[in-house]
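Novice: Structure below; questions to follow.
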Amino acid sequence: MTRVFSGIQPTGHLTLGNYLGAMRRWAEVDQHQADSLFCVVDLHALTVDHDPARVRRLSRQAATLLLAAGLDPELCTVFVQSHVDEHARLSYLMECVATDGEMRRMIQYKEKAVRERERGGSVRLSLLTYPALMAADILAYGTDEVPVGDDQTQHVELARDLAVRFNQRYGHTFVVPRATPPKVASRVMNLQVPTSKMGKSDDSGQGVVYLLDEPDVVRKKIMRAVTDSGTDVVYDREARPGVANLLEILAACEGRDPEGLSGAYQSYGALKKDTAEAVVELLRPVQERHKELCADPGHVDGVLRAGARRARDMARPRVDAAYRAIGLLPAG
Ligand code: AQP
């Protein structure tokens, strides 16, 4: 059976981008068709300046939202990265296989390093080595497929390269994984700056729909979305990024094709109104389930405990094998 692994960072409140680009597919497709693991990757959240209490709170919220989005612990493994030591253990080996140049070429590193400096902070070494930890996350489980949005495909490519290199140099240890981005909404864009990704660490939040935004807030943000200077509704990502983004969001909500949808609209206003209502309806069941789960925190804790146990059992043999293969003396 295909093994699927993917994760989400507790660096901010989860967004419509996270849902359409990743979570919805995990719940609707992957957990039913594959042996799947989904992880709140809290160690990754320490790569940028953070408040410890906030990271803890967001980790719990992210785990709760994964369940609210439909992940079923009977069908897949849901856990928190720091609960499974194998991630950090294997990350060090990945750092020993990767090169400094490979890490510095990563687009996310370059973008986030600039952002950290602009915010007056310094760049943490862990931001540079982030892809080694991500490779460890993936490779520890013998992962075949990594369902991620477009922004993460470069990191999955690096995980592939490291797996191949390790196998060639030290003997076959890792499955070589591949990224599987969604066909529609692989990169949901910021509603105010439609040339930038809708990200959860956006400073103002005005261009970002959060999964827990009230319906009226969702409507307001979408009705105020920046469109383009033209007036006709055409799907053109390059020339009309704002309208293309709305068409993609609406298409993803309704399971349709953005280009086909564009013909149905004569004005930006009508497109925004339908998009807003489609998003409100998409989020409604997730928000309702989230509320129920918040009333039962013991349930979420239990799911995470069992998930971590299962994940540890799956990862340990492969990580132990990697330690032996690379030349470390077994503990006996
Ligand atoms: N805008 C997006 N469109 C489509 N997919 C997206 N994903 C994230 N944003 C979009 C996908 O969601 C999964 C988890 O994302 P993440 O937690 O690794 O990354 P993030 O939400 O982008 O978080 P950051 O890096 O903490 O936020 P920013 O970028 O604001 O600094 C992944 O599969 C990702 O592709």
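Each Cβ is built from the backbone N, Cα and C atoms, and glycine gets one as well.
Source: prediction; values computed, not measured.
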Novice: Of Val29, Val188, which does TrEMBL put in the ATP site with Gln9, Pro10, Thr11, Gly17, Asn18, Gly149, Asp150, Asp151, Lys197, Met198, Gly199, Lys200, Ser201?
Specialist: Val188
Novice: Take the motif ''HIGH' region' (10-18) and find every residue of the same chain, 6 or more past its ends, with a Cβ under 8 Å from one of its Cβ atoms.
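Specialist: Sequence-remote neighbours of the motif ''HIGH' region' (10-18) are 40-42, 44-45, 48, 50, 55, 58-59, 61-62, 65, 149, 185, 187-188, 197-202, 208-212, 249, 279, 283.
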Novice: If you measure every Cα to Cα pair among Gln9, Pro10, Thr11, Gly17, Asn18, Gly149, Asp150, Asp151, Val188, Lys197, Met198, Gly199, Lys200, Ser201, the residues listed for ATP, what is the largest value in Å?
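Specialist: The span, Cα to Cα at its widest, is 19 Å.
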Novice: Counting only residues 6+ apart in the same chain, whose Cβ is under 8 Å from the Cβ of Met198 (ATP binding site)?
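Specialist: Non-local contacts for Met198 (ATP binding site): Thr15, Leu16, Gly17, Val188, Met189, Asn190, Leu191, Gly207, Val208, Val209.
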Novice: Can you tell me how far the Cα of Asp150 (ATP binding site) sits from the Cα of Asp137 (L-tryptophan binding site), in Å?
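Specialist: Checking the Cα atoms of Asp150 (ATP binding site) and Asp137 (L-tryptophan binding site) gives a distance of 18 Å.
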Novice: Work out the three-state DSSP category of Lys200 (ATP binding site).
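Specialist: Note: Lys200 (ATP binding site) is coil by DSSP, not helix or strand.
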Novice: Using DSSP with the three-state reduction, classify Gln9 (ATP binding site) as helix, strand or coil.
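Specialist: The three-state answer is coil.
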